[in-house]
Amino acid sequence: MWSKRDEQKTYPPIRLNPFVFWSSAISISIFGMLFVLFPETSQHGLTWIQQQVNQLFGWYYMLVIILSLGFVAWLAFSQVGNIPLGKAQDKPEFGYLVWTSMLFSAGIGIALLYYGVAEPVDHFLRPPEGQGGTVEAAQNAMMYSFLHWGIHGWVLYALVGVTLGYFAFRRDLPLALRSALYPIFGERIHGLVGHMVDGFGILATIISLVTNLGIGALVMISGISYLFPDLPNTSSTLVVTVIMMMLVATLTTVIGIEKGLAWLSRINLRLLYLLLLFVFLTGPTNHLLNGLVQNTGDYLSHFVQKSFDLYLYDKNATGWLASWTIFYWAWWIAWAPFVGMFIARISKGRTIREVVLGVCLIPLGFTLAWISIFGNTAIDLILNHGQQIIGSLVIQDPALSLFKLLEYLPFHPYVAGIVVVICFVLFLTPVGSGTLMIANLSSQGGSSDSDSPIWLRVFWSIAITIVSIGLLLAGSFSAMQSAVVLCGLPFSVILLLYMFGLAKALKQETQQPVVESHTTETSGSD
């Protein structure tokens, strides 16, 4: 027996979920105050906890990623891939171009600009094995970067997106993190169990968004300081930048998905394509083509080995593993709640196979091309043209490394200005979608594809802004980075429950197909 919502002909109006809202608001306020008032103690404490988690649960993170990869492959290539996320009469709300643009924009964020140059160069100079700065180190650096930005992370988004979309649109449960646990807990998901899951999802999402806002602010400030050296790089500049970014992000959230986030995603993708094409054509084009082919081959040939590699027999490399691979797996897991929920929100009417392949392959291809082109351009300058200054800058100020790279290409002042604009737009989409999902999780009622009241979206946007400014001014940004990684551990358990619950529901459906129900939806949003 599925949720009693199946029997309802109309949906109740959207209203605040007091338990989820207040528990989340109070929790993030306490965390924020601790980080602001005691920045050094918070940093030391979280760093110690993170080290213990990495040491004790590194193997566990690896297994969760591998299990997720296998499960998502089964979703895509078995008969269950034909099952739609919705009823037979449901059609996709967004066309393929807009849909794929939103998939990409929500899942990537500004980190692609931050790490596109910095990560490959860092691996090249400080590899886990062997000597840095060599030809072998260059080849392995790109392979490691492909690993961290490759399909391992995207399957987590696909898993959460498909699972939430299935239970929301196929089983008529709320579009909330709790709903995927219905096969395990039954009607108890509408009580304390569900409130706790949604509340933790909000906390993890806010911490992730604050971290994203911090990265965005650092890149923006670096770009503005690069373009205008006389502009003072002070706390006031940082605060003004954060407020401006969040004002526009709030506006897109208020406008909604159709008019705000969808439009931004299209602009975002076009700007990124233009920048990628510019670097490809004005850089060492033939070298970059060779690099893309070879990097892809290296990634595929080491795929299985590196998916399981814990550097058991090389203790010197375990620190690198914790700082990079385990960090990335935990980061992807921590981002999965809100990105997956957003993917579910925009994927009603599409089949499971469509969503899995769309999420895992379309953004993946662009991401790997970006890492390859920017990374190989930077490494080529260091390895073959003696521009060690790029490497030094990556170690000292990674946010500035992209702007330094552009100096070796034509029209660099103008392109640097465009990068600042791209940075601003690229920041907006994940923050906008994340804020919308937080507001939806802290409300109840309405249909599965309706959104929360505008005032609730504005509230969470303001809360994220205040927490971000406080943390950045207190110098606690690195503490927040540690916190977002730690959020990955408890949510990884929820991912395992998601796989079990979805497999159970799909098995039941293949044996006894879902009876289509026609409901009259009463909109309570906007």
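Cβ atoms here come from the backbone N, Cα and C positions, even for glycine.
Annotated features, as they stand in Swiss-Prot:
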type	residues	note
TOPO_DOM	1-17	topological domain 'Cytoplasmic'
TOPO_DOM	39-56	topological domain 'Periplasmic'
TOPO_DOM	78-93	topological domain 'Cytoplasmic'
TOPO_DOM	115-148	topological domain 'Periplasmic'
TOPO_DOM	170-200	topological domain 'Cytoplasmic'
TOPO_DOM	258-272	topological domain 'Cytoplasmic'
TOPO_DOM	294-323	topological domain 'Periplasmic'
TOPO_DOM	345-354	topological domain 'Cytoplasmic'
TOPO_DOM	376-417	topological domain 'Periplasmic'
TOPO_DOM	439-457	topological domain 'Cytoplasmic'
TOPO_DOM	479-482	topological domain 'Periplasmic'
TOPO_DOM	504-526	topological domain 'Cytoplasmic'
TRANSMEM	18-38	transmembrane segment
TRANSMEM	57-77	transmembrane segment
TRANSMEM	94-114	transmembrane segment
TRANSMEM	149-169	transmembrane segment
TRANSMEM	201-221	transmembrane segment
TRANSMEM	237-257	transmembrane segment
TRANSMEM	273-293	transmembrane segment
TRANSMEM	324-344	transmembrane segment
TRANSMEM	355-375	transmembrane segment
TRANSMEM	418-438	transmembrane segment
TRANSMEM	458-478	transmembrane segment
TRANSMEM	483-503	transmembrane segment
Residues of the parent chain within Cβ reach of the transmembrane segment (458-478), under 8 Å, 6 or more residues beyond its termini:
25, 28, 32, 35-37, 39, 42-43, 206, 209-211, 213-214, 217, 235, 238-239, 242-243, 246, 249-250, 253-254, 431, 435, 438-439, 442
Of the listed stretches (57-77, 237-257, 324-344, 418-438, 483-503), which one yields the highest count of Cβ-Cβ distances below 8 Å with the transmembrane segment (273-293)?
418-438
Are there residues at least 6 beyond the ends of the transmembrane segment (18-38) whose Cβ is under 8 Å from a Cβ of it, and what are they?
195, 198-199, 202-203, 206-207, 438, 441-443, 463, 466-467, 470-471, 473-474, 476, 479-480, 483
Folded-back contacts onto the transmembrane segment (57-77), same chain, C-beta under 8 angstroms, at least six residues removed:
151-152, 155-156, 158-159, 162, 307-308, 310, 321-322, 326, 329-330, 332-333, 352-353, 356-357, 360, 488-489, 492, 495-496, 499, 503
Range from 94-114, 201-221, 237-257, 418-438, 483-503 with most C-beta pairs under 8 A to the transmembrane segment (324-344):
483-503
Taking residues 6+ outside the topological domain 'Periplasmic' (376-417), which of them lie with a CB under 8 Å of any CB in it?
113-118, 120-122, 124-125, 133, 135, 138, 141-142, 215, 218-219, 221-223, 226-227, 275, 278-279, 282-284, 287-288, 291-292, 295
Applying the under-8 angstroms CB criterion, which one of 94-114, 201-221, 418-438 scores highest with the transmembrane segment (483-503)?
201-221
For the transmembrane segment (201-221), which stretch among 94-114, 237-257, 418-438 has the most Cβ pairs under 8 A?
418-438
Looking only at the topological domain 'Cytoplasmic' (1-17), report the model's average pLDDT.
58
